[in-house]
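A.B. asks: The annotation region 'Zinc metallo-hydrolase' is assigned in Swiss-Prot to 30-210. Here Swiss-Prot flags 79, 81, 147, 166 as Fe cation 1 binding site, drawing on sequence analysis. The feature Fe cation 2 binding site is assigned by Swiss-Prot to 83, 166, 227. Marked as domain 'Flavodoxin-like' by Swiss-Prot: 254-393. Annotation comment: Swiss-Prot describes 260-264, 342-369 as FMN binding site. Taken from Swiss-Prot, the feature domain 'Rubredoxin-like' covers 423-474. Annotation comment: Swiss-Prot describes 428, 431, 461, 464 as Fe cation 3 binding site, evidence class sequence analysis.
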């Protein structure tokens, strides 16, 4: 069944209510998806894109009900990925000589998928036009790496419709086609999820490409995407959101995610979150167990956040596999303007923390101090976690803290004057163990109240057995 988009433009795509995985199993399409194909019937008949390959036969049969396939004059392929051009082989078997208009890179992609170099390819580049009669033209705009090298958009003059390819789309299936007909909360959640998980790596390209398109000074009455809704009501709203999201986007939000073997790291996550909330109640904090949560929801929250705390138990002296995989994915997504801190519990060694901190730094995050706890955290260890959260809230605050929390901090500092007189706490740079002068280290005959300067030179870190030379002043206390 076709749907009139505008005048002589019809949607001839395919809804996919059941799909739950995309890009293999990397993207969870919890609300299904659609594969949008458009038929333009002017003096020349143009088909823009096809559908996913698994619907090839159904697509060609439905298209045959709309038009004699021999009457299709041109096929435009904005993107060669299988969910866009997947039905080409089935269609071209019926009309093998029909010209295909696409970018030079798309020819390589199409042949790589379909293996038909004999098809009638016609290369287009930015600014090229194709006259389709009745005073209307198609104008082509290359958009390489949004999100494949072959990508382009197509603009139809007269009707002022931009066929935008993957940009401005969402994996969202609904019986209605237009943006003003669907649930707005669901729609914009899926738009942001789509951008965060698919287009984030190319944010640096989004703004200049949108600026280039706007530079054509062409009116845009509708944006017809390759997935999800057609934007007919205020279509520029999604363009404005893309410009916002592309500009090193962050909200006053912190995401905490972790994996754990014995719930020890979960206890740390909860305590850290408590400390953040105590110090800055304005900040939104979300906690996820990666083993039980939707990975794409976690990544969307990271995209929205000013910072992320990542927790892992130590297993075989490295981080938990699900954490390693998610950090690798964050590396590929290339988030910008975000801070990070690693935390976790361990038994006899804590190698995961150092490895995790390094990986987060390699992923482009600005790193804050990490935090370790040995075995199951007791009340003292949980208080250290809460204090870590308080310090994170202070360091990552986007605006001056509320006066009530500032007063609390001042009061705590006043009550701790005696402790402060003992000098700073010191942290082992290898295992992150903290020496607190107020507590000393009775196991090595270092009495409570002993400043670091008076600790014997033969002192060894209780965790990793290294000497005083590997200790640094605790970063949160450095002046």
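For all residues, glycine too, the Cβ spot is worked out from N, Cα and C.
Mind running through what each feature is packed against?
C.D. replies: Within the same chain, residues at least six positions away from residue 147 (Fe cation 1 binding site) with a Cβ under 8 Å of its Cβ are 166, 198, 199, 201, 202.
Annotation note: residue 166 (Fe cation 1 binding site) sits in a coil segment as assigned by DSSP.
With helix defined as DSSP H, G or I and strand as E or B, the domain 'Flavodoxin-like' (254-393) counts 66 helix, 36 strand, 38 coil.
Of all Cβ atoms in the protein chains displayed, 11 besides its own lie within 10 Å of the Cβ of residue 362 (FMN binding site).
DSSP gives residue 461 (Fe cation 3 binding site) a coil state; it is part of no helix or strand.
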A.B. asks: Taking the centroid of the Cβ atoms of 79, 81, 147, 166 (Fe cation 1 site), which other same-chain residues have Cβ within 8 Å of it?
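C.D. replies: Residues close to the Fe cation 1 site, other than 79, 81, 147, 166: 78, 84, 146, 148, 151, 165, 226.
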A.B. asks: Per-residue pLDDT averaged over the region 'Zinc metallo-hydrolase' (30-210) comes to what?
C.D. replies: 96
A.B. asks: Drop a 10 Å sphere on every Cβ of the binding-site residues 367, 461 and tell me which sphere holds the fewest other Cβ atoms.
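C.D. replies: Result for the binding-site residues 367, 461: minimum number of other Cβ atoms within 10 Å at 367.
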A.B. asks: Let me know how many other Cβ atoms fall within 10 Å of the Cβ of residue 83 (Fe cation 2 binding site).
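C.D. replies: So the number of other Cβ atoms within 10 Å of residue 83 (Fe cation 2 binding site) is 25.
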A.B. asks: Run through the domain 'Rubredoxin-like' (423-474) and tell me, per DSSP, how many residues are helix, strand and coil.
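C.D. replies: Per-class counts: 9 helix, 12 strand, 31 coil.
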A.B. asks: What does the structure give for the C-alpha distance between residue 342 (FMN binding site) and residue 428 (Fe cation 3 binding site)? Integer Å is fine.
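C.D. replies: Roughly 15 Å, rounded to the nearest whole number.
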A.B. asks: Measuring Cα to Cα, how many Å separate residue 367 (FMN binding site) from residue 79 (Fe cation 1 binding site)?
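C.D. replies: Rounded to a whole number, the Cα-Cα distance is 38 Å.
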